[in-house]
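Record features (Swiss-Prot):
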type	residues	note
ACT_SITE	His143	active site, proton donor/acceptor
ACT_SITE	Lys147	active site, proton donor
BINDING	Gly8, Cys9, Ser10, Gly11, Lys12, Met13, Asp35, Cys86, Ser87, Thr88, Ser110, Ala111, Asn112, Met113	NAD(+) binding site
BINDING	His144, Gly153, Thr154	(S)-2,3,4,5-tetrahydrodipicolinate binding site
Amino acid sequence: MVKVILNGCSGKMGSVVSNLAETKFPNVEIVAGIDNNTMAQRSYPIFAKPEDCNVSYDVLLDFSRADALKSLVEFSKKTKKPLILCSTGYTAEDLKFIEESSKEIPLFRSANMSIGINLVNNLLKKVAPVLYENFDIELVERHHNQKVDAPSGTALLLAHTIQDSLNEETKLLYGREGIAKREKNEICVNTVRGGGIIGDHEVIFAGDGEVIEINHKAISRDVFAIGALKACEYMADKTKAGKYSMDDVLQLNF
């Protein structure tokens, strides 16, 4: 049995993860939660801060916000247990901190836990270099009106994957305004916030005679929870410090 502490257990994703762990993952048990809202109805105890939690566990799973990062890393260092980061909105300083922390603990991070997005991300590594010379590349990401970070972590993941796959230097733009002709080396990420959109990501390769679109639409938050719980199963026995991702969980390499 994989014992999990869930940070952000009272939020939307925390609720989905808790429910799926009980109904779809017989080998995973949420043994404790961490959240400012300690009054949520859960089958496990909830603590306000990581340092208050004295429950034995195998993996610490985070579905909260970027500002929880340092306290979670310190807790994982103290307990010598793997940490899974599923939050977004990290700053450049945060990402550097994550990189350094992975030298001390097994640290898993993914901007998106869905199987589909990770397949798309790996597909882009192959497609983008083939199309770049004759196609303009644009991205559109759409999320609900309560999402606080923009562009989404997933959109940045896809954009950076495209950039890293190309031999030429490219420039990321975030939205367009004013009067200016598009430069060849631009990759623009456009953001939509509205309603209850769970998460749509579209990568557009626009050529003179044809347009190729790669789309992913999340129609349920279950897809993120399933990926996270699979990551818990994968990370439970990891003791070696290092960086891990959904590519490791899904064994993607194409």
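Every residue gets a Cβ built from N, Cα and C, even glycine.
The DSSP secondary structure for His143 (active site, proton donor/acceptor) is strand.
Spanning the listed NAD(+) site, residues Gly8, Cys9, Ser10, Gly11, Lys12, Met13, Asp35, Cys86, Ser87, Thr88, Ser110, Ala111, Asn112, Met113 have a farthest Cα to Cα distance of 21 Å. For the binding-site residues Gly8, Gly153, the ranking by surrounding Cβ atoms (within 10 Å, all protein chains) places Gly8 first. Taking His144, Lys147, Gly153, Thr154 as the recorded positions under consideration, the smallest Cα distance to Gly8 (NAD(+) binding site) is found for Lys147.
Cβ-based neighbour count (10 Å, all protein chains) for Lys12 (NAD(+) binding site) stands at 13. Cβ-based neighbour count (10 Å, all protein chains) for Asp35 (NAD(+) binding site) stands at 21. Within 10 Å of the C-beta atom of Ser87 (NAD(+) binding site) sit 22 other C-beta atoms, taking all shown protein chains into account. Highlighted in sequence order, Thr88, Ala111, Asn112, Glu141, His143, Lys147, Asp149, Ser152, Ala155, Gly199 have their Cβ within 8 Å of the centre of the Cβ atoms of His144, Gly153, Thr154, the residues recorded for (S)-2,3,4,5-tetrahydrodipicolinate, and are not part of that set.
Cα-Cα distance from Asp35 (NAD(+) binding site) to the residue listed as 'active site, proton donor': 18 Å (rounded to the nearest whole number). Counting other Cβ atoms within 10 Å of each Cβ, the lowest count among the binding-site residues Ser10, Thr154 belongs to Ser10.
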